[in-house]
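**Student:** For reference, the structure I am asking about is given below.
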Ligand code: GAF
């Protein structure tokens, strides 16, 4: 789906050419799961799948929205009437971004928008963040706001937290806004400092597969929020601002101080060990030891499955099957409770692994998964 096609559809819908066309990608998180709302470390990279928006300004306080992927015509909203929590449809994401920009004092006076996306929805690949970020970037350019990527990510997170009502962290929006091709983004979610870590799997004869289990997930549901609240409780019990502040060498002592809070103890153990895993992966990639990150990814899965308890039978089946069939490492990625897993493998084993996972799903009576190769791609940008 090219920029031109999206611009042409915009012209059909609204009767004029758009002022510009922008794109923002979905993401895969390599390592660092459920650490972002604990002020910790994450390491996502952008997918080639993206949301494209053709946009023009309006000056009458009206936001018109249309998506090629969703049934229904153009939706017209009044910017003055936007209320957090008032919209349960997909339009809450773009409207929430306009709301967040205006709430932050930016003079956005309306827009006509047509969208088309190749990011799978409900697959844990950040279709929501792609949608938010493409709108934020388009409005940033059209209204000459001059906001840097990390600030757009913060505003998009605010749209998602307050306007949509999903208590998510900052990783997905920052990944969509700031990733670079051929790199993974090492992000410190406390101060949003970033390092682009070269991650060129093909050059090393490796591949990273994404396996979409087709089990749909949603973060506005209660389980994500419960984990977040449990982590905040752990930080409060331990007397720190965030779990990021528990140094890995002091983990056992911290866990001992949690007394009979067994559930909180498991959450704390996941977050503190996961931050350490991110640092280990960064070290290995910097040392050119890419194959050795495999077991660290698998450790991350075990921690999410057993301590954080957000995996599901389909995700576990991908991981177990891939490892038995020779993968270097595998883990669920994203928020959990469904969505996708990633598998690090030798390029020569891709077909065998894919077949093994497909056969295991068929034998278990699960819906056939969607398997594709993830190549670290570009972050949000103007494309037309
Ligand atoms: C979802 C959230 F949106 C992110 O902020 C992050 O917490 C992730 O789950 C888990 O690492 O994608």
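Using the three backbone atoms N, Cα and C, a Cβ is placed for every residue, glycine included.
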**Student:** Per TrEMBL, which one of 224, 248 shares the substrate site with 33, 34, 35, 36?
**Tutor:** 224
**Student:** For residue 125 (ATP binding site), what residues in its own chain, 6 or more apart in sequence, show a Cβ-Cβ distance under 8 Å?
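**Tutor:** Looking at Cβ-Cβ distances below 8 Å from residue 125 (ATP binding site), excluding near sequence neighbours, one finds 26, 27, 28, 47, 49, 119, 210, 212, 334, 339, 340.
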**Student:** How does the domain 'GHMP kinase C-terminal' (284-362) divide up by DSSP, counting helix, then strand, then coil residues?
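**Tutor:** Final tally across the stretch: 50 helix, 12 strand, 17 coil.
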**Student:** Widest Cα span across the ATP binders 67, 122, 123, 124, 125, 126, 127, 128, in Å?
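**Tutor:** Of all Cα pairs among the recorded ATP binders, the widest measures 20 Å.
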**Student:** Which recorded positions among 27, 67, 125, 128, 172 have CB under 6 Å of ligand 1?
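**Tutor:** If the test is a Cβ under 6 Å from any atom of ligand 1, the answer is 172.
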**Student:** Determine the mean pLDDT over the domain 'Galactokinase N-terminal' (8-57), rounding to the nearest whole number.
**Tutor:** 98
**Student:** How many whole Å apart are the CA atoms of residue 128 (ATP binding site) and residue 172 (active site, proton acceptor)?
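**Tutor:** About 9 Å separates the two Cα atoms.
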**Student:** Among the binding-site residues listed here, 67, 127, 128, whose Cβ has the fewest other Cβ atoms inside 10 Å?
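**Tutor:** Lowest Cβ count within 10 Å among the binding-site residues (67, 127, 128) is 67.
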